[in-house]
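K.L.:
The structure's right below; bear with me while I get my questions together.
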Amino acid sequence: MGRSISVSFGLLVVFLSLSGTGADQDCLPGWSSHEGHCYKVFNLNKTWEDAKKFCTEQANSGHLVSIDSKKEANFVAELVSQNIKETRRTDFVWIGLRAEDKRQHCSSEWSDGSSINYQNWIEAESKKCLGLEKQTRYRKWVNLNCGQPYRFTCEI
């Protein structure tokens, strides 16, 4: 019995080492894992509302990415940079933050309902939706026209 437990444990160690940390196994194929969440950059051009809807259709708890820390912001920026190769000088990627009132102030929560704990936006003319800008290597948030089609990142 002791030998059986050792062999089973040994196989588990080999399996986990072959599959990385084991965290990726919870993500759908083509998605990337980071601190218990899964992310995917979509090279489809959609308006903010259509991108939000598309993300909710990907999985039960899917939503446009909400960025809660500098560490997560860096992860998302790298993921976007790796997955969007063909870009224009002024290229943008939707995130899940949108202004909800007439004065263009951001709502107090992300599109998934979570609170805004981290902020990294560029002051600019008032638009309603926020995205990542290529000129900042996808690290700063910029105000954009919600009706313009851009690529986007979903999180589950």
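Cβ coordinates come from backbone N, Cα and C, glycine included.
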K.L.:
Of the residues Cys129, Cys154, which one does Swiss-Prot pair with Cys146 through a disulfide?
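P.N.:
Between Cys146 and one of Cys129, Cys154, Swiss-Prot records a disulfide, namely with Cys129.
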K.L.:
Return the single candidate from Cys38, Cys55 listed in Swiss-Prot as disulfide-linked to Cys154.
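P.N.:
Disulfide mapping in Swiss-Prot sends Cys154 to Cys55.
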K.L.:
Count the other Cβ atoms sitting within 10 Å of the Cβ of Cys27 (disulfide bond), across every protein chain shown.
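P.N.:
Counting Cβ neighbours of Cys27 (disulfide bond) within 10 Å gives 17.
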K.L.:
Reported in the order helix, strand, coil, what are the DSSP residue counts of the domain 'C-type lectin' (34-155)?
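P.N.:
Split by secondary structure, the domain 'C-type lectin' (34-155) comes out as 28 helix, 40 strand, 54 coil.
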K.L.:
How big is the gap, in Å, between the Cα of Cys38 (disulfide bond) and that of Cys154 (disulfide bond), rounded to a whole number?
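P.N.:
That comes out at 8 Å between the alpha carbons.
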K.L.:
Taking the Cβ of Cys146 (disulfide bond) as the centre, how many other Cβ atoms fall within a 10 Å radius?
P.N.:
19
K.L.:
So for Cys154 (disulfide bond), how many other CB atoms are inside 10 Å of its CB?
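P.N.:
So the number of other Cβ atoms within 10 Å of Cys154 (disulfide bond) is 24.
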